[in-house]
Amino acid sequence: MAKGDPRKPKGKMSAYAYFVQTCHEEHKKKTPEIPVNFTEFSKKCSGRWKMMTEKEKSKFEDLARQDKVRYDQEMMHYNPGNKRGKKKDPNAPKRPPSGFFIFCSDHRPKIKAQFPGLGIGDVAKKLGEIWNSLPDGSKQPYLQKANKLKDKYQKDVADYRSKGKVGSGGGVGGGVGGGGGMSMSMSMGNGMAVGAMNMGMGMGMSMGMAPKQMMKGHKDDDDDEDDDEDEEDEDDEDEDDDE
């Protein structure tokens, strides 16, 4: 059981985990008075597992397959409720079922009718046993249907992502809006710059610092005054000559 959520299905067990569990039960039956040293016990189990033939391991692998079916079935009906983290988009394409799940959907009502007392986990195990015993030819219709659903799912995901990219980037509207924001900031920036420039000119003039053009005009006036003085001097010299 998951910590914090007692409703979450128990995790699936591997073939080796079933083997270790069996060894532990055998140890308790043979020597119940001797406590298990888990370090030594684990080493012995690992050594025995490596020495076992595929045929000897097959019963544990069958148990693991059945438990996986149980786990997958329970997870299909498990609703975690308010789960932290990234929220799923309800409009996103749903993953397609496998051939086995399609088979289970078709045969679950029959199993429940035949064995009304079975729980969800036991029904899942029974369906797993039936599926594993089917020849490949009998599985093909379910596998082919699953492949078609998978192809459709991949196309739907591609369409969903292409639409999502347009929306996430703001699309065309986002681009235009962004450009408008830039032009607005630029115009505001220009306005601020002009305002600052006018303010600087005003302050400069009040402090006796004239702009270059005004300084140039002031210099031209000085030159004109010098020319007038030169002309007056020339007139005085002419008057002296006449006398």
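Heads up, the Cβ atoms here are built off N, Cα and C, so glycines get one too.
Quick look at what TrEMBL lists:
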type     : residues : note
DNA_BIND : 9-79     : DNA-binding region
DNA_BIND : 93-161   : DNA-binding region
COMPBIAS : 221-243  : compositional bias 'Acidic residues'
DOMAIN   : 9-79     : domain 'HMG box'
DOMAIN   : 93-161   : domain 'HMG box'
REGION   : 76-97    : region 'Disordered'
REGION   : 205-243  : region 'Disordered'
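Within the DNA-binding region (93-161), the DSSP-based counts of helix, strand and coil residues read 56 helix, 0 strand, 13 coil. In the DNA-binding region (9-79), helix, strand and coil residues by DSSP number 54 helix, 0 strand, 17 coil. Across all of the DNA-binding region (9-79), the predicted model scores a mean pLDDT of 88.
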